[in-house]
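Novice: Quick paste of what TrEMBL says about this protein:
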BINDING   27, 28, 29, 30, 31, 32, 33, 34  ATP binding site
Ligand SMILES: Nc1ncnc2c1ncn2[C@@H]1O[C@H](COP(=O)(O)OP(=O)(O)OP(=O)(O)O)[C@@H](O)[C@H]1O
Ligand SMILES: [Mg+2]
């Protein structure tokens, strides 16, 4: 069930030319959405794409942390808010860049969350971007709904994990996207296996995959099965996401690059 009337699509700041908006979503918490968003941005940038990340997880932001961007890193200008920039040149906007200290909590109600997400779209000088990735918080409530209904999202990368509970919650996200008529570009299963350095064997630590049933429900292909990777965790959590190389992401990156550079109109619900 999706509440409220059809919203107006907020006007893109006159200085901006954002070619594609791609959201990374799961419904389920902790499946690796934010770090995957960061790593996709890194890989797209390596391939020469101008990339931005809108961190729509306003109360649990983690994107600046993965790039080592300090709190207070956003600047204002006459025309709007200037994003922070990573070493590679990825433009990032996140509530954690607004706070004086990264560990200060953001305790906001839904209306303020929705208004801020819209501001991150309308009042930020994103400039020319080939793609803006949007990192969604877990769940299918305010923040996700605001992004999916008021930003011109061209497609969603759906993240899941092998646990049965993930499959159930991710199917809720699938239904939400189908109700909103937003294309699901593909499914990424994270934590699929651990490759043992001693014998090279692959171990399904979290059990058998539920990806085929999610792909069937979503009508979308499985684009990647990602291993539990200590290097991923260690580098992302120490602000060095730009040093991670994950060849398993190439099909996801290529799928994003295939999305036509056209902004879609607001969708009727
Ligand atoms: N495949 C992986 N191997 C090792 N560590 C991982 C992997 N995927 C994610 N992590 C780590 O797990 C933690 C949680 O990941 P992340 O923050 O990306 O999840 P999330 O889905 O965005 O969580 P939330 O729902 O709270 O927003 C991070 O420390 C991240 O570095
Ligand atoms: Mg997250």
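Note that Cβ sites are derived from N, Cα and C of the backbone, with glycine treated the same way.
A quick note: this is a predicted structure, and the numbers were derived from the prediction, not measured.
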Novice: Between 28, 33, which of the binding-site residues has the fewest other CB atoms within 10 angstroms in the structure shown?
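Specialist: Minimum Cβ neighbour count within 10 Å, taken over the binding-site residues 28, 33, occurs at 28.
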Novice: Check each residue in the chain of residue 32 (ATP binding site) that is at least six apart in sequence and keep those whose C-beta is under 8 Å from its C-beta; list them in sequence order.
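Specialist: 159, 161, 190, 191, 226 - these are the non-local Cβ neighbours of residue 32 (ATP binding site), listed in sequence order.
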Novice: I need the neighbours of the ATP site defined by 27, 28, 29, 30, 31, 32, 33, 34. Which other residues of that chain put their C-beta within 8 angstroms of the C-beta centroid, in sequence order?
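Specialist: Other same-chain residues with Cβ inside the cutoff are 26, 138, 159, 161.
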Novice: What binding-site residues among 29, 30, 31, 32, 33, 34 have a C-beta sitting less than 6 Å from any atom of ligand 2?
Specialist: 33, 34
Novice: Return the members of 27, 28, 29, 30, 33 (the binding-site residues) with CB less than 6 angstroms from at least one atom of ligand 1, or none.
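Specialist: The binding-site residues passing the 6 Å Cβ test are 29, 30, 33.
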Novice: Across all the protein chains here, work out how many other Cβ atoms are within 10 Å of the Cβ of residue 29 (ATP binding site).
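Specialist: Excluding its own Cβ, the number within 10 Å is 12.
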Novice: Neighbour count first, Cβ atoms within 10 Å, every protein chain included; then name which of 27, 30 tops the list of binding-site residues.
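Specialist: Within the set of binding-site residues, the most crowded position is 27.
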